[in-house]
Structures are given as C-alpha cells and as structure tokens.
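Heads up, the thing below is written out as structure tokens.
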Amino acid sequence: MALIVKKFGGSSVATPEKIIAVARRVLKEKNSDDQIVVVVSAMGDTTDDLISLAKAITDQTTGREMDMLLATGEQVSIALLAMAFAKLGHEAVSMTGFQAGFTTNEMFNKAKITGIAADRVRQELNAGKIVVVAGFQGLTKNGDITTLGRGGSDTTAVAVAAGLKADHCEIYTDVDGIYSSDPRVVPTARRMKEITYNEMLEMARLGAGVMHPRSVELGMHYDMPIHVRSTFTQEPGTFIREEYTMEEKEFVIRGVTHDTNVAKIAVLGVADQPGIAYKIFSTLAEANVDVDMIVQSVRAMDKHIIDMVFTIAQGDAPQAKKLLERLKTEMEFSGLMIDENVAKVSVVGAGMLGNPGIAATTFGALADAGINIEVISTSEISISCLIELDRVKEAVNAIHARFFPD
Ligand code: ADP
Ligand code: ASP
Ligand code: MG
C-alpha cells in the first residue's frame, strides 16, 4: 500500500472533460490498496477571472475580501472532481483547505501555512475514499479565509504530502517536467531528469512559474521528493530532490529564468548618511513589501548624495509609492521614480560556485545582443540582471544558447 498525493493544476482541470480525464487517470494508475489525496487548482483561468471581477468593482480591495473571492475557484473544482470520481464508481470526498485542516498566518494573498491538522483527511482515507483537497487556501486562527499566493496549490500538495508522510508527491501540469528554461519562451530548452531542491527553489524564486517557491522550500525542509510530470502524457517527468543520482551533476548551469513581475524604484538624491537605507527599507518591510535587487549609487565622490535603486513585485508598487512619498516628511530626497518596464533574467546552478566565468558568459551574451544591464545581483547559485522588458525573450534565448549550445 502506498499513500500518494497528486496535484493537478488549472489547465489540467480546465473543462468538465478534463476533470473526468483526471479522475480516469488517477483511478487507472491506482493500485487497489493505495490511498490517494488529489489536490486541485481552480479551473483554467478562473483565478485571473476572479481578479478581473474584483477590479471591475474597485482597485482598493482588502486582502481579506480578495482571498474570500479567490478561494471560491478551488471550491468549484474539488466538488466537480469528487463528482467525477463518483461517476466512475469510486467513493471520493472533497475538502476545502479549512476542512483539510490548513491553518495559516494572516498575510492575506500570500499567507504562509502554519500547521495542518490532517486527522479528517486521514479518517476519510482510512474509510477507503479518495480525498480531493482544494489547493491554495487556508484559515487564520481567527477563522478568516486566506490564499497562499499565485501558484500556491503546489504548496498545498507538498504540505499535505509532508503532513501525511506520503510515499510520493506528484505535481501534474501542462509541461512534461522541469526544463532548463520556460519552454514557451525558449523552444530549445531541455528537460531535466532531476534537479536539487536548492536549484529548483532558486529557479522558482527567480521566475520559473512551474513551481511555487514555497512548495520547493517545504519539500526541502521535510525531504519530500517532488515528481513533476505531464497530465496529458506518460513522459517520466523530473524529480526534485536533495542530491543528483545520475549524470546530470556535470551541468554547471541548470536553468535560465525570467521574471516580468518586477518594478524598479529609484529614490533619487538622498543624503549619504547613516540610517538612510534603514529608513527606506524598514518602512517597506513593515508593510510586508519584499525588496529584491538593491543598488546604492554615488552621484559624485565629493557631493555626498546617493541614489537608492531597488526592485519589488509590481503588485506592491502602488503601496511602496505611497509609503515612500510619506517618508518625504522624515528625510530629504529629490525625486521618486517607478518603472514597470523592466524584467529580470537569471542563470541558476550550484556549479557556478567558484566558477567566475559564468558571470562573464552571461554578461557577454547580453552584450552581444546589445541588451543593456540596469542592475546586477548575485547569490551563491545565481546571477540576475535587470533589463528592459521588451527584450526579455531575446535575452533569455541569448543566455540559454551560451550555456546549452546544441
Ligand atoms: P499549473 O496550472 O499546472 O500549476 P503553471 O502554469 O503554474 O501550471 O506552470 C506550468 C508552466 O510553467 C508551463 O506551461 C511553462 O510555460 C511554465 N514554466 C516556466 N518555467 C518553466 C521551466 N523551467 N520548466 C517547465 N515549465 C516552466
Ligand atoms: N488558482 C491559483 C492560481 O491561479 C493557485 C494555483 O493555481 O496554484 O494562482
Ligand atoms: Mg502552477
């Protein structure tokens, strides 16, 4: 007997026919004594449509009401999938995130799971039912509905798998594994047989939307290998795990990612004195605005004036603007610029540690394509460049071609 968690994303359950096909596949691959939890996302573009609905009412939504709205998408697909299992002759029960015991903190729209009380799920599994759990949602200790951030159903799946100590955690999606770059952007991208948690986490953080970053973090924390594969084919897919087991360790770079959900903020003409960076970034941190790349540039050596340039997620830009404008009463600066016309391209690979040629190769690929780099940031296993939004596809392809020549 095995306990298996299978997660199906929005495009896998986009229509009633696809929902029935998912139920059919799960039943076909199930051994008679296997216990199965299926986590599902909202059908197709439902979450985007719900966001548009809210925007049609107001652009001043609160996090609480937004999450109340967004969580309905997954509630539709769990009920329909449970009905599909019943139609095919297998008992199933649908559960919202709250019924499945997910508690979260109170950061609406990007809540973090704080616990899972999986007793009810276990009980239903022991009664022989397939349990269908709504991805992406939880409940605060005050009983408010939260969501885990876009793509958060992956995290629900890995959290359930870890909580139940499942034998396997499988993420079914519309691609047949993890590729060296988004295959929709780089047609020559290569599928990997396996990738380490560390590298996948970095790729996900830097824009590889195929996995929710937090899901990989949970996989790493609980050492729950994640098997990513296609809903529509039988291809073997990719394993995300602690260590490489095969020949793939020889790759220095594992992937080239891009992120267009970036806004560049420049606080211009700030006096160069202690406490300035603290003031700017603590103000943003208090409002939960995540800051990513940061550059402090000196105008002229003798002028003691600097510009502070940094990036945040586009969704946080209006709030950041408000907060920074308010700061004008506490510190002097000559201007504030917000530019959403930027994107970040990154190379990721644990092999770049102690391999200085990687940065040069990356910058060389952009230079030869005539693409200007506005900001650079690095971690131990990645290098990121901020560039003009319009050139992002070209940039990713140019860098990918250098590291993965045919
Ligand atoms: P789901 O709805 O199943 O969660 P997503 O749209 O969230 O699916 O993720 C799958 C998509 O991720 C793919 O269609 C692909 O375009 C994109 N993607 C981005 N980077 C990668 C990558 N490195 N490997 C595979 N897919 C990627
Ligand atoms: N439905 C949510 C979204 O579109 C969660 C998910 O698909 O993982 O972001
Ligand atoms: Mg997803």
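The backbone N, Cα and C atoms fix where each Cβ goes, glycine too.
Model, not experiment: these values are computed from the prediction.
Under the heading ATP binding site, TrEMBL lists Lys7, Phe8, Gly9, Gly10, Thr173, Asp174, Tyr179, Arg184. According to TrEMBL, the feature substrate binding site maps to Thr47, Glu74. Annotation comment: TrEMBL describes 265-341, 347-406 as domain 'ACT'.
Known features from TrEMBL, placed on the structure.
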residue: Lys7; record: ATP binding site; DSSP class: strand
residue: Thr47; record: substrate binding site; DSSP class: helix
residue: Glu74; record: substrate binding site; DSSP class: helix
residue: Thr173; record: ATP binding site; DSSP class: strand
residue: Tyr179; record: ATP binding site; DSSP class: strand
residue: Arg184; record: ATP binding site; DSSP class: coil
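Comparing Phe8 (ATP binding site) with Thr47 (substrate binding site), their Cα atoms are 15 Å apart once rounded. Of all Cβ atoms in the shown protein chains, 14 besides its own fall within 10 Å of the Cβ of Asp174 (ATP binding site).
Checked against ligand 2, the binding-site residues Phe8, Gly10, Thr47, Thr173, Arg184 give Gly10, Thr47 in sequence order as having a Cβ less than 6 Å away from one of its atoms.
For the binding-site residues Phe8, Tyr179, counting C-beta atoms within 10 A of each C-beta gives the highest total at Phe8. When the C-alpha distances from Glu74 (substrate binding site) to the binding-site residues Lys7, Tyr179, Arg184 are tabulated, the minimum falls on Lys7. With a cut-off of under 6 Å between the Cβ and any atom of ligand 1, the binding-site residues Lys7, Thr47, Glu74 reduce to an empty set. Averaged across the domain 'ACT' (265-341), pLDDT in this predicted model comes to 92. For Thr47 (substrate binding site), the Cβ neighbour count at a 10 Å cut-off comes to 24, with all displayed protein chains included. Note: Thr173 (ATP binding site) has non-local neighbours Phe8, Gly9, Ser11, Ser12, Val210, Val228, Arg229, Ser230, Thr231, i.e. same-chain residues 6+ apart with C-beta under 8 A of its own C-beta. When DSSP labels each residue, the domain 'ACT' (347-406) comes out as 30 helix, 14 strand, 16 coil, counted as helix, strand and coil in that order. Among the binding-site residues Phe8, Gly9, Thr47, Glu74, Asp174, the residues whose Cβ sits under 6 Å from any atom of ligand 3 are Gly9. Distance between Cα atoms for Asp174 (ATP binding site) and Thr47 (substrate binding site): 17 Å, as a whole number. When the alpha carbons of Lys7 (ATP binding site) and Thr47 (substrate binding site) are compared, the span between them is 17 angstrom. A straight line from the CA of Thr47 (substrate binding site) to the CA of Gly10 (ATP binding site) spans 9 Å.
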